[in-house]
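Asker: If you scroll down you'll find the structure; I have some questions about it.
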There are 2 protein chains.
Amino acid sequence: MHRTYSLRATRAPSAQDLQNPPPPVSSTKAGRFFGRGSLTHSIRRSTAGSFGPELARRLAVLVKMEKNVMRSMELVANERKEVAKQLSYWGEESDDDDVSDVTDKLGVLLYEMGELEDQSIDKYDQYRVTLKSIRNIEASVQPSRDRKQKITDQIAHLKYKEPNSPKIVVLEQELVRAEAESLVAEAQLSNITREKFKAAYNYLFDSIREHCEKQALIAGYSKALLELLDDTPVTPGEIRPAYDGYDASKQIIMDCESALRDWTIDQATVKPTLSIRRTDAGYVDENGEDWDATKEHDTHAKEDEPQHA
Amino acid sequence: MHRTYSLRATRAPSAQDLQNPPPPVSSTKAGRFFGRGSLTHSIRRSTAGSFGPELARRLAVLVKMEKNVMRSMELVANERKEVAKQLSYWGEESDDDDVSDVTDKLGVLLYEMGELEDQSIDKYDQYRVTLKSIRNIEASVQPSRDRKQKITDQIAHLKYKEPNSPKIVVLEQELVRAEAESLVAEAQLSNITREKFKAAYNYLFDSIREHCEKQALIAGYSKALLELLDDTPVTPGEIRPAYDGYDASKQIIMDCESALRDWTIDQATVKPTLSIRRTDAGYVDENGEDWDATKEHDTHAKEDEPQHA
């Protein structure tokens, strides 16, 4: 959030940042040749599938499409920030003190939403990079499959043409080696795919949860800010009572700032309720064990317990 | 969410939809002449300020910029959906049952995120339309200001040129009328601006809170889904235990579906903590009265009370 409680300043790292430091800036944010229009997007997407080994193509397309998503997210983030500035710029013009103050503070909060969106893009990039490593292992497994296939074909061919050629024996030994190699390759493929897949999406969903809860927080504080604006209608010529909300509005920004700064994933309040749990035996319902150790998938905070104890 | 728990179906209205029905489809979704690139955006934005009465210009720009934001949000929403499809398409290719099942179900959830984003755009449009009505009243007040100014100038001019011309009296009577009219106009401006401003942003922030909490929910269920994927490494040649997660994965989707369907704004769990409260006397801290009647701005759910009672 902005130290000065207005639209210019530097930001301090939040508790969540300290818990796990933010990733490097997304690679998609640099190096544009054309604009970010959908033309580029469709080109990128359509070309992706047409190169590289068969096995890795679908994922290659997915990775490219994710790049499109990120480019679009960037657009939104940047435009949100501009909107925030324009809002406080508009309020500045109106000669009401309260409209001007509320819009300025609201601008700060909306700008912060844009900032959050910007950070979530960097996280999104980390997820995308992890997907790439799956694509790479897929690509590297292809040759060993091809080689195995090729040798098998050669043997079949020879057996048909000259059934008792000595080359057959040699080829069959080669085939055994190729099969061994391919066994290893397939095992690597399966292991790395699963490991990276889980890692990538767990990271993505955590970052989504962080982003969403923080945005919901900001929205809540923004609503509190709106309360400061007195909207009781006045009759012509009547003078509105002087605006006394400066301290309040600043306090709201500060509260919001500290709430965002202290937020960590463990404090996430939006939680799913699962009607089945996992046990070593398999999956049982309600009266079974917990889904897993972490409380995460345990219960849904929207149960009617008092949130405001 | 998708009735078929796969990527094709129709959607049932959620509890929140029933509580307050969804707005009409956003007007920005139709009628594009160029692509949605930033070129169009910058044109739209730069032209906005240059027409219309002085008073309404800044807000006119803001409204146009919001349109840009919405166009970009659309891009993201659509691309998210495409990504979701591509993910389940990729999983389909992999010969593992569990990767294929998990990716397909994950696709459903990610697609739903796109759907939610799409709905939030329609809500965003409602907010934008309300801003427009402020812009319109601003524009309509301008003439009465101008008229008042013009008459004042005429009087000053006459008083200087022919101090005892009879026209001065007439003009002064006109001025009185003009002042009366402008008093009313200014009162209308102030009243409508405040009323619409609060309405617009309260609506916006509520829709943001809904969108964020629902997305966080989906992210939570998606993480539960990932748990189904067995990522214990296998040695070359070893066969993985058969995948038994079909019921579980389907159940997770159903749980997520019902959670989204039953969600209403009253159940929102992410709440701000305010260190100052509003009283009739003004603003006091902690030991003062409540901020306002609604529990909304009352306490922050991320206090360390057990979420899983």
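The backbone N, Cα and C atoms fix where each Cβ goes, and this holds for glycine too.
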Asker: Looking at the ranges B:1-30, B:31-60, B:151-180, which is given as region 'Disordered' in TrEMBL?
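Answerer: Comparing B:1-30, B:31-60, B:151-180 with TrEMBL, region 'Disordered' matches B:1-30.
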Asker: Quick test of the contact rule: Cβ under 8 Å, at least six residues beyond the ends. What residues does that give for the coiled coil (B:168-195)?
Answerer: 133-134, 137-138, 140-141, 144-145, 147-148, 151-152, 154-155, 158-159
Asker: Mean pLDDT over the coiled coil (B:168-195): what is the value?
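Answerer: Per the prediction, mean pLDDT sits at 92 for the coiled coil (B:168-195).
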